[in-house]
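Here the structure comes first, spelled out in structure tokens, and everything after it is commentary.
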């Protein structure tokens with residue numbers, strides 16, 4: 001009681017203004033303080049309350065790299081102020097100085113000595129030396145509880161010993177002259193729960209004061225025999241946390257006066273141990289926080305490895321094994337992967353074993369067998385089939401453990417922690433098993449929590465690597481498939497040699513310079529020789545050192561890669577190329593574009609609809625086709641360009657093999673722009689810019705010339721609208737037929753009503769829709785080109801003549817009123833927007 005009053009008085013007199021109304025009291029001492037007549041009421045709090053909100057509340061700030069629990073003026077009192085020789089650290093008084101302190105100053109000095117110590121062993125050493133000084137004892141020992149209540153599971157019934165719980169001597173037999181280094185060299189002493197005096201105190205939570213140790217049956221004489229030291233008097237007390245749970249036991253031996261420990265010694269000891277309990281708890285919290293930092297770092301490292309490294313499954317699992325073993329110190333870690341096909345066996349077993357005695361790195365080995373490990377056997381099989389976590393403190397006592405695994409080996413399973421590994425879908429893809437935690441300890445709930453978090457990353461890593469391996473295989477298969485398809489999609493050498501041997505007539509013979517050109521009476525071989533003639537007349541073969549046989553084979557391969565659809569076939573591509581050739585030669589624009597761009601434009605015209613399926617971009621999106629998944633915009637045009645590159649890169653078809661890398665890059669860029677420009681959505685996007693600059697453009701500027709090329713591709717693609725009426729009508733019927741086929745598919749397979757131009761039931765409205773198409777899409781661009789070059793006026797004249805023909809048909813079918821009843825033919829039946837006409841046009845892609 002006197003000691004408590006001394007401590008109370010000293011703390012209150014030295015408290016900061018904000019804490020001057022706080023008084024210390026033990027949990028069992030709550031009477032009013034002497035001199036209660038004071039005018040200012042004083043609230044009594046316990047030492048435990050100090051930890052939660054008083055002077056000893058952890059502030060977790062850092063001074064000079066060391067965690068501290070005091071800040072502000074209180075800190076300066078302990079450290080000696082900011083100008084002390086070691087600012088931020090309290091100067092510890094020597095034992096000689098402590099002996100000259102009076103009782104109240106001694107107790108407070110000993111409390112200060114431990115309040116900032118966060119390393120458990122160092123804290124225990126200070127506690128024992130301080131207790132020995134405080135109680136005038138010769139030496140002392142401190143034991144900490146190890147293992148969780150109930151072995152980490154639910155609390156056990158009263159009187160039943162928790163499995164795996166014991167007391168471990170952090171420091172044993174510490175005297176006033178002992179150093180921490182000397183004490184750390186001693187082996188730990190482990191005392192079973194409830195055994196001996198220390199075990200009794202831990203179990204009962206009651207102190208034990210023995211005046212003569214050898215007269216007490218609980219005293220273990222073997223310790224004295226082992227150390228050569230004779231124990232006479234002994235005082236043993238529990239150290240409790242704020243919840244009243246025993247977290248350790250402190251023991252002092254042999255009072256220096258050869259007298260038994262008194263009742264006052266017990267009170268002083270108990271009071272000081274309250275602060276020791278707070279210090280130990282803080283040290284444990286700090287130790288746990290440091291462990292969490294380390295664990296989080298490992299998890300982050302593993303996550304980085306998963307998302308940055310695309311590696312083999314063996315490499316990823318090896319990293320998982322080594323990371324697990326480094327965190328959860330155990331003899332062995334295994335990862336067993338479930339066979340993805342059968343789901344009834346483990347496909348691969350990875351085993352990592354660490355030698356904890358030699359300190360050498362562990363060895364990792366994988367089972368060379370697949371599908372040889374049944375999934376319904378043993379603990380791993382149980383976890384793989386049920387998805388439950390298994391934590392076994394004693395393997396031999398668990399019926400799920402198969403003891404045969406230890407037969408014929410030097411290894412014995414003692415403790416086991418086994419958990420499922422799941423992918424992002426929650427499917428079990430494997431099992432991770434930890435065996436024999438070091439120091440014969442059981443795996444704790446903390447271990448379970450960490451391994452559970454770790455297993456999530458493991459599942460991500462393994463699943464990610466499985467996907468990567470599959471992708472590698474898929475790429476390899478794709479490479480082989482492309483190689484096979486390339487072989488079958490390209491023309492044979494024999495066909496190329498046959499074409500090479502054919503005579504190539506002149507452009508005049510074919511009429512290639514004529515805007516009214518019609519291929520209706522031409523044979524396929526003639527279309528091919530006509531293409532050769534166009535390349536020859538534009539001097540592309542000579543200028544770019546094209547191998548003549550390669551040119552023949554490339555043309556045959558391009559023709560071969562057009563499907564046999566109604567309109568978007570080889571003949572359409574050939575006609576587009578012929579129009580490009582005739583415009584370039586009639587206007588002399590080959591001087592504007594240059595040889596590289598001219599070659600790119602000719603290749604683009606021949607390839608701009610490669611592998612067309614007879615359906616448009618809208619259909620690809622509606623059906624969620626593979627092409628639509630690859631390309632979200634200009635779906636078919638991107639595919640046409642890819643097919644073009646595939647042929648150009650195929651053996652025997654490398655038309656551009658003899659040009660420089662700079663020229664090749666330029667050709668490919670122009671080629672891509674040109675093919676994508678055949679998408680009418682791109683046309684509408686660029687047309688406004690072109691129309692605003694076309695009459696004052698500077699064609700030496702790349703951006704102006706790029707607009708001209710884009711519009712020129714559309715002019716050539718829609719050129720059927722400029723042809724003589726017989727040709728235009730025949731082409732329009734082909735386009736309508738292809739569109740009706742798409743509409744039939746949409747109605748039958750997608751259960752939707754097709755738009756009017758694809759609706760066979762509205763075939764009679766075709767003339768009227770064609771007029772709207774001409775007004776909104778065709779006339780603006782052909783009129784602009786006629787302004788650019790007088791040689792192109794026949795094109796716009798052809799468009800206007802065909803518009804009149806469609807109007808005549810519409811009038812004859814009573815789709816529109818007679819001419820005298822119309823105010824403006826040009827605006828008749830015209831959709832509200834150009835885009836609407838693009839969707840309703842029989843000429844659109």
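Positions of Cβ are set from backbone N, Cα and C atoms, glycine also.
Annotations in TrEMBL come from automatic prediction, not curation.
Marked as region 'Disordered' by TrEMBL: 19-41 (among others).
Per TrEMBL, the feature region 'Disordered' maps to 69-97 (among others).
As annotated by TrEMBL, domain 'PDEase' applies to 491-813.
The AMP binding site annotation in TrEMBL covers 568, 569, 570, 571, 572, 609, 717, 770.
Cβ-based neighbour count (10 Å, all protein chains) for residue 568 (AMP binding site) stands at 25. Residues or ranges marked as active site, proton donor by TrEMBL: 568.
The Zn(2+) 2 binding site annotation in TrEMBL covers 609.
Feature annotation from TrEMBL assigns region 'Disordered' to 812-845 (among others).
Other Cβ atoms within 10 Å of the Cβ of residue 609 (AMP binding site), summed over all protein chains shown, number 26. For the binding-site residues 571, 572, the largest tally of other C-beta atoms within 10 A is found at 572. The candidate set comprises the binding-site residues 569, 770. Of these, 770 has the most other Cβ atoms within 10 Å. Neighbour density for residue 717 (AMP binding site): within 10 A of its CB lie 25 other CB atoms from the protein chains shown.
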